[in-house]
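J.: Per TrEMBL, the features are:
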type     : residues : note
TRANSMEM : 54-77    : transmembrane segment
TRANSMEM : 98-120   : transmembrane segment
TRANSMEM : 154-177  : transmembrane segment
TRANSMEM : 198-216  : transmembrane segment
TRANSMEM : 222-245  : transmembrane segment
TRANSMEM : 257-276  : transmembrane segment
TRANSMEM : 282-301  : transmembrane segment
Amino acid sequence: MAESANVALIIFIAHVTTLTLLSGFSLCYAVQHPDTFWNNMHTDFPDVNVAGDVVTGNLLTAIFYGYSSAMLGITGFETSAQFVEEQAPGVFRKTLRNMWVFATSYNLLLSFLSLAVLPLEGRGGIYDDKDVVLASMGKVVAGKWLESWVSIDAFVVLAGGVLTSYVGITGLVRRLAFDRVLPAFLTYTNKWRGTNHYIILLFFVLQASLVIVLHADATVLAGVFTFAFLGVMALFAFGCILLKLKREDIPRDVHAPWWSCIFGLVMVLLGLLGNLLGDPTIFTYFALYFVVFTSTMFIMLERVFILRIVLYILQQLFPSRDAEDGIAKDNKAAKSQGKVKEGCRTGARGGRTITAVLEEIHLPPIVFFFKTPTLYVLNKAILYVRKNEHTHNLLVVHVSEDANLAEDKSAEVTEADTQRVQYEREKIEDMRKMARMFDQTYPKLKIDFVHVCGSSFDIALVHWLSEELGVPPNMMFIRQPSTQHIHQVATLGVRVITG
């Protein structure tokens, strides 16, 4: 990560230097040749293609479609969130601020300067050289050397963007695989280089196929990327609104007002609409890849249901000899609890393989940190696990700081602590009874109570429990945190599941 950051810093400095140099030369040229800008201002608005129909351009179409096209020029915000967990507190806000400042200043400045340097129409104009406008500006204002400089800078920046995309997709897919949304084999680490090479190779195949399908058409590729980028930005705004509705009391450093969330969502949707109306066929390619990716996620999320359907089909089409003889009836009790014992009969040829896979899916436990003995909170957590997680094992964990709460009741306590310790022990006993009661209430879910004493609920404890129980932090759940201290634990990867 440090090496990548150094390379990115070098590319950034070189890019800013190039844009600043180009802006300076262009500004001098604009002062010396003011006629170019005013001639462009008197040029008619260009006609626009609206879903295949050519519409005469006007001020509104110029603003609307210009805004929609310009959204591609502010990419980068969608990937910055992937590094938030690796940044110090407060750094992410500064990152967004710096990106906003540079994107706003250079995009606006170069847009105006392009109108002051190049004519809109004619050979060598903005319409004619729309793919290499900055390089054409460099050639006009300073000569061939600046044109070459800008072209080389563009190549390096785009190459850096491609390399950055591999870093971003690796982190994203690894996170989804850890959360069991994508197949677990994607998390396999190459022992030689320490990389997730399956993710890298699959991403290369995906991108190469996109280039081949679109015949390397840069315009269509940019359009597909625009839909993806704007879709992510819309989800950011929607996620912020959802957090305000569902997790309003979570401690946070920045409180975004309602109007900014709604305004941002509306503006992003307008950008999506403009790109969709401009060329609807581009959305078809985006939808194709989107369906493939979401289908993979759907299969992973519903893999238990799909495997049970496959098992049922096998039982109907390829029944085993035991099923035909009626011997498979001894599995009825196990199946009624949603559990199939290893080695038992399934009534289908190949059924044991499927049941073994189901057992492997259901075996990893889920941890829920339980603070106070509240029935509805624990029941709500259990219902969430049953509905959203593929597991038959739930560990209800309570953490208390007092070492006198150990199972050894002979531990001495001071007179002042006697009442408090007694209350804590009664609370722990109530939690144990609740876990036992819910274990009987939900026979498909094995619920165990775990008490950790002599420690505070912090990041170090989460790390220790993760290693001790063999449960990754993203498979540990807590109730909505109400203090900044607990909020820091949630940022480690522990998931908030109840309000």
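Every residue, even glycine, has its Cβ placed from backbone N, Cα and C.
Note: TrEMBL annotation is automatic and uncurated.
Set these features in their place in the structure for me.
T.: With a threshold of 8 Å between CB atoms, the same-chain residues lying at least 6 positions outside the transmembrane segment (222-245) that come near it are 71-72, 75, 77-78, 81, 210, 214, 256, 258, 261-262, 264-265, 268-269, 271-272, 275-276, 278-279, 282-283, 285-286, 289.
Under 8 Å from some Cβ of the transmembrane segment (257-276) lie the Cβ atoms of residues 64-65, 67-69, 71, 223, 226-227, 230-231, 233-234, 236-238, 240-241, 244, 282-283, all in the same chain and six or more residues away from its ends.
Counting only same-chain residues 6+ beyond the ends of the transmembrane segment (282-301), those with a CB under 8 A from a CB of the stretch are 176, 180-183, 206, 210, 213-214, 220, 223-224, 227-228, 275-276.
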J.: Going along the chain, which residues at least six beyond the ends of the transmembrane segment (154-177) come within the CB cut-off of under 8 Å?
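T.: For the transmembrane segment (154-177), the nonlocal Cβ contacts are 4, 7-8, 11, 14-15, 79, 82-83, 134-135, 183-184, 186-187, 195-196, 199-200, 203, 297.
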